[in-house]
Amino acid sequence: MNSLGLFFVCPINQHKVPALKAITISIAQLLHTHMQMAKTLFSYFAIPLCLCLSSLHLVTSFPFASGQIDYNYNYNYYDRSCPRLGMIVKYGVWAAFKNDTRIAASLLRLHFHDCFVNGCDASILLDDTIDFRGEKNAFPNRNSARGYEVIESIKADVENACSSTVSCADILTLAARESVLLSGGPYYPLSFGRRDGLTASEKAANEQLPSPIEPLENITAKFTSKGLDMKDVAVLSGAHTIGFAQCFTFKRRLFDFKGSGKPDPTLESSALTNLQGMCPNKDASNSNLAPLDYASTYRFDNAYYVNLVNGTGLLESDQALMGDPRTAALVTVYSSNSYLFSADFASSMTKLSNLGILTGSNGQIRKKCGSVN
């Protein structure tokens, strides 16, 4: 078998040696051309391929809520039971994005807020009941988290295609990846087979989700409690390369930083002036929106880190990454190396998507994402 992956079986006829030589020369030329193309393709795709391979974990064990390993949880879980799942989710996210370019960042944030509170179990999608107050109305999510109706619409389409088969947790996880890709971000591998939680907790969301005004050490502690680390803090904060924040989340940086009566001294002066114009010092401006990454608001890239190096990060928790030498070193590297950021973001998102998941007979497959069956 040759390098082209083809078998050649040629019975020799002594009277046709010239023809055989011609065939041999043609094959040699073809092989030479093939090798030259391979070299060119390798040089062109080497970095993107490495990004994919660096985060590819097709056979691994994950920290399931049950503490056990479920080997049925894998990347091709729905290949037979719901083969059109990927296309349904892709179209659903695209259709939503076409009408609302903010939705990509919103779905990514919804996924993060789900996984960070007791695992990726779609608990953030549950409406309040007489039995519990859920995560939707927790302070970090109230009048802030968006995209619930998009996931519910995609779920309805998935149910029509393959009833009672795909969990809301898997749909939200896949929708987050599609949002990253649609915005120009990296592909990252996902395993499937998550099941949906049966309850949700407003208290847990209030306690576990990081706040934009928390010290970096507190945020890092919350990450490490989930099995993540300081590098993941710096990397996943890079999701703020897309999306917006309401003025109340950073207004104290503009007028009265930590009770000083003055703006945050780490905020660059021209950025300060622009933000004060967007967010005047009055309550009526609290819900006004400002881009998390003014340089490329809807494009997933490394400009977020360039902003931090230049002192123009929007959130206090973002700019705080420059205040610790360990995270500052990562910020500096990512600001000048978009390929490395993409590779590390892919790896951290794969880790995030596997936090505290339910598999096997745990949880359920909800018919509608906003309520248990």
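Every residue gets a Cβ built from N, Cα and C, even glycine.
Caution: TrEMBL annotation is automatic and unverified by curators.
Keep in mind that what you see is a predicted model, and the values were worked out from it rather than measured.
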Query raised in the report: When you check TrEMBL, which of C82, C115, C247 turns out to share a disulphide bond with C162?
Result: C82
Report summary line: Among C168, C279, TrEMBL lists the disulphide partner of C247 as C279
Query - Env. residues of Ca(2+) 2 site, Cβ within 8 Å of mean position of T241, D293, D301 Cβ - result: G238, H240, I242, A295, S296, T297, R299, F300, N302, A303, Y304
Query raised in the report: Across all protein chains in the structure, which of the recorded positions R109, H113, H240 has the highest Cβ count within 10 Å?
Result: H240
Report summary line: CA pair D121 (Ca(2+) 1 binding site) / C115 (disulfide bond), Å rounded to integer, equals 7
Report task. From the recorded positions C82, C168, D293, pick the residue whose C-alpha lies nearest to the C-alpha of V117 (Ca(2+) 1 binding site). Result -> C168
